[in-house]
Amino acid sequence: MVHSKNEADRIKLFNLGIIERNPAEHEFHQAVQEFTGSVMPYVMANAKYDDGHILQRMTEPDRIVIFRVCWEDDKGHIHCNRAWRVQFNNAIGPYKGGLRFHPNVTQSVLKFLAFEQVYKNALTGLPMGGGKGGSDFDPKGKSDREIMRFCQSLMIELSNHIGEDTDIPAGDIGVGGREISYLFGQYKRLKNRFVGTLTGKGLSYGGSLIRTEATGYGVVYFTQHMLNMRNEKLAGKTTLISGAGNVAIFCAEKLTSEGAKVMTLSDSSGFIYDPDGIDHQKLAFLKELKFVKRQRLSEYTQKYSQATYYQGKRPWMIKADLAFPCATQNELELEDAKALVNNGIQLIAEGANMPCSLEAVQYFQEKSILFAPAKAANAGGVAVSGLEQTQNSLRLPWTREEVDSRLQHIMAHIHQQCVEYGAKDDATDYVKGANIAGFVKVADAMLAYGIG
Ligand code: NDP
């Protein structure tokens, strides 16, 4: 986005203040910088937001809870991890956002995730505020019992801060159906209440159909709307995906169903390139490999010999039409963006949260590449979490078709809001559109409450 000198000065000054008040929280600085780049000019043009110092208020979390989680491994050794719950903003509904278990979790990572969650949740049109939590616990290589003991220990403290009308956690990296079940079981035991305080639950105890698939499917629904604006279709497109977790696998599944060819997936050790495409049969093998056996992606090439495994590399050097970074933050940097553009990429949709660095996003925009930011593109997961809460409150499960149709409707609505607020010449700036549409909803609620 091009700024006037006045705007650029205000943005710079504001972001310096953020860095000063939140030292060493680089991921949080990055998320705020991306946001203010599009929102500050809008604030400057609308006195009620500027006079209300709304951006200062919106970049300060309501509260952060930090606590110790001690647990015993299978050999009887005691371990101590740190956990957080960042309750960022509940202006339009109870805090809502996932829990992440990964050794690189820090307060900065969770603050960036919670901050973005506020605006993503606003875009869904559902009454959800934004939060995020997690721990620096590494689930890799742990037994089921160790995972269970960790989750139970974490919930002893977390249960004091969450509730169906207060804060409703869900999954994220390292927290899938197994972990949510252990967490929910412990919550229920501690509170003696069966309420929808966590989402992503198993189907027989309050979970929603399509929740597992929702983020990946939603990314594809959003992409279809972007392509439709250019009279293009997914069928026949070649695609790159990073990650091999919940978001990546179901993004691959929906792309394949729509006739696109998925050529890559990755994990933190490297990526697989299958020039024949990763079809439904191969995806069934991968689901078993990753979700049941919990093995590494490199095993894929043992079964499918036409595929190549690239140890320690990212998939962005492969030539394709569309790219879907679905693993983690900052996994696609400027050099990767240049490689993609050189190879003729047409569209990038962020399945993961903040997978593209600021420089990469700017580069895509300079080159007029269609770019869907995470806040809009991956909002399908939290949207179906919101629908899970609704079903829990109604005590009535909906069919697969009902939930999928609501998900499609929500993704269409998010796309519509991006087009409305992100108009740029005859195209759409989706970053600007998503940021401003989310901002307006939350800011108006905050102003209505008065100063606080
Ligand atoms: P999973 O834990 O299911 O999968 C994560 C995948 O990313 C794994 O393949 C993992 O590989 C890879 N990965 C993790 N860390 C790194 C790293 N540092 N470098 C390279 N690869 C890495 O997580 P999800 O699929 O649920 O989440 C993926 C992304 O999508 C995250 O950014 C998350 O915040 C976002 N997201 C998730 C939603 C959901 O509903 N689950 C909703 C909206 C956004 P390995 O196994 O080797 O660690």
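All residue numbers here begin at 1 and follow the chain in the order shown.
A Cβ is built for glycine as well, from the same backbone N, Cα and C atoms used for every other residue.
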Site-mate of Lys96, Gln117, Lys120, Ser385 for substrate in TrEMBL, selected among Gly171, Gly174, Gly176, Gly177: Gly171
Per DSSP, three-state class assigned to Ser385 (substrate binding site): helix
Cα separation, Thr215 (NAD(+) binding site) to Lys132 (active site, proton donor) (Å, whole number): 16
Spatial neighbours, same chain, of Asp172 (site 'Important for catalysis') - Cβ under 8 Å, 6+ residues apart: Gly97, Gly98, Leu99, Arg100, Leu113, Lys132, Gly134
Chain-internal residues near Lys96 (substrate binding site), provided their CB is under 8 angstroms and they sit 6+ positions away: Gln117, Asn121, Met128, Gly129, Gly130, Gly131, Asp167, Ile168, Pro169, Ala170, Val382, Ser385, Gly386
Most crowded position, judged by CB atoms within 10 A, among Lys120, Lys132 as recorded positions: Lys132
Three-class DSSP secondary structure - Gly171 (substrate binding site): coil
Close-lying recorded positions around ligand 1 among Gln117, Lys132, Asp172, Thr215, Asn246, where CB distance stays under 6 Å: Asp172, Thr215, Asn246
For Gly171 (substrate binding site), the number of other Cβ atoms found within 10 Å of its own Cβ: 27
